[in-house]
Amino acid sequence: LPSNCLTMLTEVSKNMCFGGWQKVFSHESSELGCSMRFAVYLPPQSESGPRPALFYLSGLTCTEQNFITKAGAQQYAAKHGLIVVAPDTSPRGIGVPGEDDSYDLGTGAGFYVDATREPWAKNYRMHSYITKELMKLVQENFPVKPGAIGITGHSMGGHGALICALRNPGLYRSVSAFSPICNPSACPWGQKAFTAYFGESASADWEAHDATKLAAGYAGPELELLIDQGEADEFLGKGQLLPERLVNACSGNARLKTRLRMQKDYDHSYFFIASFIGDHIEHHAKALLA
């Protein structure tokens, strides 16, 4: 790391992997008001100059560790020469009342939104953290090729990837998702989180953080959304994911092309992600290396 940036980041771990380095860093986040960790995979090609970067957003209960230890992404990132950034899913140890009461709200469940309702509003600002603070930190400290950034994620993180791309036209050149929460305003997970973070009624804040709602009005650069969904996913059957609603919303917008792949017998786990992460990294590499 450049010497002038050493005070900003603390290296927590580093492991050689497929000829590159899997590293984890910690830093003090101004957006979230706490210490945060994120993982960065630096492919062998990054030694020679700037490379495209892919951000991966994890799902409920996860940290930066789940993806880097279970998905097997490094071999594909090394093949295509992509830097892969995997942040945590929420602030940690803030002390907001109730933040540790359930798995789907608070700690591990930031939903990649900027909360507007107390007591969450001060610290639960994951959208700004991902799209502004962490983005800047990564670009300043690692050899990221300007304008060549993609985003993907799983479940709650799939929702996060979709809204980050749709709310910030042009910031990400490519987007994909594994079993994303596509219409949080209309599912139990999303309704619980949005009520806490934004207030009781389906307000403008709800719509501004719902991929299905955002897709209809998206007017940015053309994007192809690659979405993989397991047919045996228990949360699909429980109405938490609703991918068909996002596909329908995108079908009316010429700027959005959706490729929804229903995968027979696959569930919601990292076994599913590991099976198709190669396809997703190839999808991003095609757009980011063009």
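The first residue you see is number 1, and the count goes up from there.
Placed from the backbone N, Cα and C atoms, the Cβ positions cover glycine too.
Neighbour density for Ser155 (active site, charge relay system): within 10 A of its CB lie 25 other CB atoms from the protein chains shown. The active site, charge relay system annotation in TrEMBL covers Ser155 (among others).
The active site, charge relay system annotation in TrEMBL covers Asp233 (among others). Sequence-distant contacts of Asp233 (active site, charge relay system), defined as residues of its own chain at least six apart whose C-beta falls under 8 angstroms from its C-beta, comprise Ser179, Leu241, Tyr266, Asp267, His268, Phe272.
The active site, charge relay system annotation in TrEMBL covers His268 (among others). All chains included, 21 other C-beta atoms sit within 10 angstroms of the C-beta of His268 (active site, charge relay system).
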